[in-house]
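Trainee: Here's a structure for you.
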């Protein structure tokens, strides 16, 4: 990889992504054979979570342990020097003395980029505000590749709040590197932002629609995200839409046999529990993908994996 | 052991308990000889404490480190996805991808059982509401066995709030597997529930009383628990009882020389500090027992100890 | 070292300090050569932070990992048994069963000393109220020694709130073991307490002044600390003083070429950011010093380093 930090999926060329996915695959195999690995033995990861995100934090910490390394950090900002008025820059220039790599989650957009500019050690962005969460995108791609053996040639629907959901923005951009057809399925008012559609529409075929039913039979992947109640001025409107976008067995009746349903989690009720144990459900295997992908990123940035 | 999880002491047959105690003894010896062991090398424990319990959490984490393993987790629910409305089931199906064994503490009764049913990895209950805390019971038994070289043949008093105290319910049931005489010493209104007395009264001899003084000279073990102020409608009543159930040097004057006082801790003032450095005090050694017992359970469930 | 705990810098003779600094130097070299060390393999550190102090906690935890050991603990008191009314003594007598060494931070003066008296395992004070923070003092001395190759013969200014700042009290006492000249530079009303000046004035030359400008050209080390707004009855007075004690490029114009600026951090605005990348700035290297110094203390107290 040509860079030292993982801040935004926009920094990744296609070959960077493919490289991470290949390393992740290799590590997953080694993990299965040997149990915990030793690449990061003696290395320390600092997880600086200025806002809580338990699943992301635990995923990184598990990945670091599986690589043989150690972890320090904090799970929320309440107990940090930030309260004493310290700048993020000073916090980073302190912590870089304690750790070999930093994972940062911060409510402020741009915080991860700033941290990376300041730090001598590599920095991984685990979410900064509504902005970027690049490791989620990479694990999404990894999941698709594992489920189908490839990404090229697939029909992929992104469903839900496509306007505000940062996950789907990053994923759409990353998928545009591949030979795929994208379906953007959103209720009115929550469509994918124009600037993203324009940015990628010359690279991939895009179908925009609000009609989930019509899309279902056509796609290989249905990527579901939350539709947040607070986005709707009228609760009645929300309830109507919520109903028609809930993925349950009935909705999946006309799906291809090989359809895979994905979700970045946590879900609230976008996917009915009855889907969990069907052949369609891939969202818990998607959680697992976070381990090899984050192991790959940690290992590459630490310079212990070539 | 015939099961994969540790949810309730009721799931244990006598031979299961004896097996755990034997493994714990063996591990304690190995620990003394070799320092930290390697059984859980490369394994990851997730401690999910949806309500705080520092001593229990630290005990499990220390046990895992002593076994050579690593730990991830959270100390209270405030910073988890639960706030975003995620179900416990989804949390478990996420975390099982990050860890080889899960320890859960949850304020809701039945939460640990649910977690165990969902998870592919083993689950240990570290307390679910007023319900069960099986590892406490096992370490209590282990302590008695270590102090006396046996459990059979002992006279054991359980003292305090026997109505609401889950610790004493579980302990009473587990002790009923052995050839012991039990004294239930409680103030009026806080007696051991009828259903427990009935359940075990055909297996062990039970003496129910509110008279601590009369019991003291007869017993080998005095197991003390807290009497909680909020259980009493009348504060004056509480203060009277509190005084007559406080274990101090005077109360212990007529005790057997070999009496051992135990307590699950934390104590408030049920046991006077003056007792700490007497031959009677076993409650801090009881804390230590948590380490080998939890090492044994972790090792057995992880399949690394036969 | 002749003692088992690190509670107050006052317990240290000069030869104790020199010993710790020598061990720290050795460990820093080994760390550079070998990466993580193995001295504390199989040992467990418990970090008991009854009040939050993220940088100190992370520094200790990183030091323990760099020594090859494991860490358990809590970052703030909210989730501990303290809430249930447990005494500090009982907490310590519990945790000593889980760990080989304890680091404690507590808001109450004397808490660390009490913990050390109770515990069978070594205790390190990471700050108890306005009282002591001995590892900060040791890392300050270590930094000076590394920057200049020696401590003897230097002119050292302590700047800021010298009345309430515990860091400068401990540092002044420790520096009085060496052949140095000390400048106490404080605004009126925040001068170094008389009892400290008297205690050390027969050992080192002391210059007391409020005139920072006059001191700057003379000193080798400028140790800056915060001046806290709340110490001033009149905000206007505070703003005036704050301005004249802010260390920026202009203030440093007449400094020796070899001047080193230090600060225990976190800073608010006592040192302008423009100083960070000059030859004067030593405060981020000072953060690093915490690692070898705390490794040395942990290793010595654990008995794994001779």
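Heads up, residue numbers simply count up from 1 along the chain you see.
Cβ coordinates come from backbone N, Cα and C, glycine included.
Caution: TrEMBL annotation is automatic and unverified by curators.
What you are looking at is a predicted structure, and each value in this text was computed from that prediction instead of being measured.
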Trainee: Can you tell which of C:105, C:108, C:113, C:285 TrEMBL lists as binding carbamoyl phosphate with C:55, C:56, C:133, C:136, C:265, C:266?
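Mentor: The record-listed residue among the candidates is C:105.
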Trainee: If you take the centroid of the Cβ atoms of C:55, C:56, C:105, C:133, C:136, C:265, C:266, the listed carbamoyl phosphate site, which other residues of that chain have their Cβ within 8 Å of it?
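Mentor: The surrounding set, listed in chain order, is C:53, C:59, C:126, C:127, C:264.
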Trainee: I want to verify one value. Collapsing DSSP to three states, which class is residue C:55 (carbamoyl phosphate binding site)?
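Mentor: DSSP assigns residue C:55 (carbamoyl phosphate binding site) to helix.
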Trainee: What is the separation, in Å, between the Cα atoms of residue C:133 (carbamoyl phosphate binding site) and residue C:166 (L-aspartate binding site)?
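Mentor: Residue C:166 (L-aspartate binding site) has its Cα 8 Å from the Cα of residue C:133 (carbamoyl phosphate binding site).
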Trainee: Against chain A, with Cβ pairs under 8 Å, which of the binding-site residues C:105, C:133, C:136, C:226, C:266 show up? Give them in sequence order, please.
Mentor: C:266
Trainee: Which value does the mean pLDDT take for the domain 'Aspartate/ornithine carbamoyltransferase Asp/Orn-binding' (C:152-299) in this predicted structure?
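Mentor: Mean model confidence (pLDDT) across the domain 'Aspartate/ornithine carbamoyltransferase Asp/Orn-binding' (C:152-299) is 94.
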Trainee: Per DSSP, what is the residue count of the domain 'Aspartate/ornithine carbamoyltransferase carbamoyl-P binding' (C:5-145) in each of helix, strand and coil?
Mentor: 72 helix, 24 strand, 45 coil
Trainee: Which number gives the other C-beta atoms within 10 angstroms of the C-beta of residue C:136 (carbamoyl phosphate binding site), all protein chains shown included?
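Mentor: Excluding its own Cβ, residue C:136 (carbamoyl phosphate binding site) sees 24 Cβ atoms within 10 Å.
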Trainee: For residue C:266 (carbamoyl phosphate binding site), what residues in its own chain, 6 or more apart in sequence, show a Cβ-Cβ distance under 8 Å?
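Mentor: Expected: C:55.
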Trainee: CB neighbours of residue C:105 (carbamoyl phosphate binding site) within 10 A?
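Mentor: Around the Cβ of residue C:105 (carbamoyl phosphate binding site), 26 other Cβ atoms lie within 10 Å.
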Trainee: Where residue C:265 (carbamoyl phosphate binding site) and residue C:226 (L-aspartate binding site) are concerned, what is their Cα separation in Å, rounded?
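Mentor: If we compare the Cα positions of residue C:265 (carbamoyl phosphate binding site) and residue C:226 (L-aspartate binding site), the gap is 9 Å.
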Trainee: Quick one: Cα separation, residue C:56 (carbamoyl phosphate binding site) versus residue C:166 (L-aspartate binding site), in Å?
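Mentor: Cα to Cα, residue C:56 (carbamoyl phosphate binding site) and residue C:166 (L-aspartate binding site) are separated by 15 Å.
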